[in-house]
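Read the structure below first, then the notes.
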Amino acid sequence: MSKQILILPGDGIGPEIMAEAVKVLELANEKYSLGFELSHDVIGGAAIDKHGVPLADETLDRARAADAVLLGAVGGPKWDTIERDIRPERGLLKIRAQLGLFGNLRPAILYPQLADASSLKPEIAAGLDILIVRELTGGIYFGAPRGTRTLENGERQSYDTLPYSESEIRRIARVGFDMARVRGKKLCSVDKANVLASSQLWREVVEQVAKDYPDVELSHMYVDNAAMQLVRAPKQFDVIVTDNMFGDILSDEASMLTGSIGMLPSASLDANNKGMYEPCHGSAPDIAGKGIANPLATILSVSMMLRYSFNLHEAADAIEKAVSVVLDQGLRTGDIFSTGCTKVGTQEMGDAVVAALRNL
């Protein structure tokens, strides 16, 4: 029986980078006889333009029925002035919540070919390989109550809520420990337990879960210190587990240690490893339509999809190898370009990966 993959290109550069990722996926599908069937739909601003909402019910139903979802990016200035509850980003939050995608895996890997593109000195960044495990469906992005009220003195006051239950913390902690167990057996839990009640519970529950993983070394770090340590000595980290907002911020910070956020894929998984896969970067409306966006993060998201949702490690390894081959050839989009390399556009980069994959 075939596996169903739902393609959601989204907004901005989303359609451009997705086109290249789909070419790679289609070749892998043929080369390794994967039995995938691909279908396409809209999300974010594109869905607002078509349906009036950032995620139509029928699209959500198709996502539920699919075996995996491949997403481009959402958002753009065109929709910045509309009501917050129907902005493009709400479609992304909704699909994550409705599919139960609570575990977000964000790798930060510095390819040796891109050592000069890192914001850090080579001796600090060389060999960097961090995995950030971010809780994705709880915390301050979903907490209630939230809103804006007018005080007695006439001044407006806005407020948000950062709730976490024991079960929410426990399940994401287990993802972190499981990932650490198959990597370097080191897990750093990042919180703000010196200030936040939610972080105090977070730390307590993570300590409880740690008893089931005696082979994994657990450490704790406050988020402000973690942000500093990522720049000072990033290779001290192997796997980081943290909450929604902290993970959002730290993973973007970690991305620049690798040279470009355009290189970084991500996976969002449910309890059964059904997932949605997307690049870490946004929709980059400033370069949309110019054919210069880096498609490698989206292509590497395909590799993560094959690995984590389907256990197709041979095909996943081949895609990652093809990307490495292209980098060895000196091909670079503008965001990772350096002297002595050849600057290429979105389609050229995608074609090069396809050619490399075909020749493996």
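Heads up, the Cβ atoms here are built off N, Cα and C, so glycines get one too.
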Cross-ref Swiss-Prot: substrate site Arg96, Arg106, Asp224; candidate in list Arg64, Arg134, Arg203 matching that site is Arg134
Here the recorded positions are Arg84, Arg96, Arg134, Lys192; the one whose Cβ sees the most other Cβ atoms within 10 Å is Arg134
CA pair Gly76 (NAD(+) binding site) / Asp252 (Mg(2+) binding site), Å rounded to integer, equals 18
Min neighbour Cβ count (10 Å) across binding-site residues Gly76, Pro88 flags Gly76
Other than Asp224, Asp248, Asp252, the chain contributes near Mg(2+) (Cβ within 8 Å of their centroid) the residues Val223, Ala227, Met245, Phe246, Gly247, Ile249, Leu250, Ser251, Glu253
Sequence-ordered list of residues in the chain of Asp252 (Mg(2+) binding site) that lie 6 or more positions away and have a Cβ within less than 8 Å of its Cβ, or none, is Ile261, Cys280
Per DSSP (helix/strand/coil reduction), Asp224 (substrate binding site) sits in helix
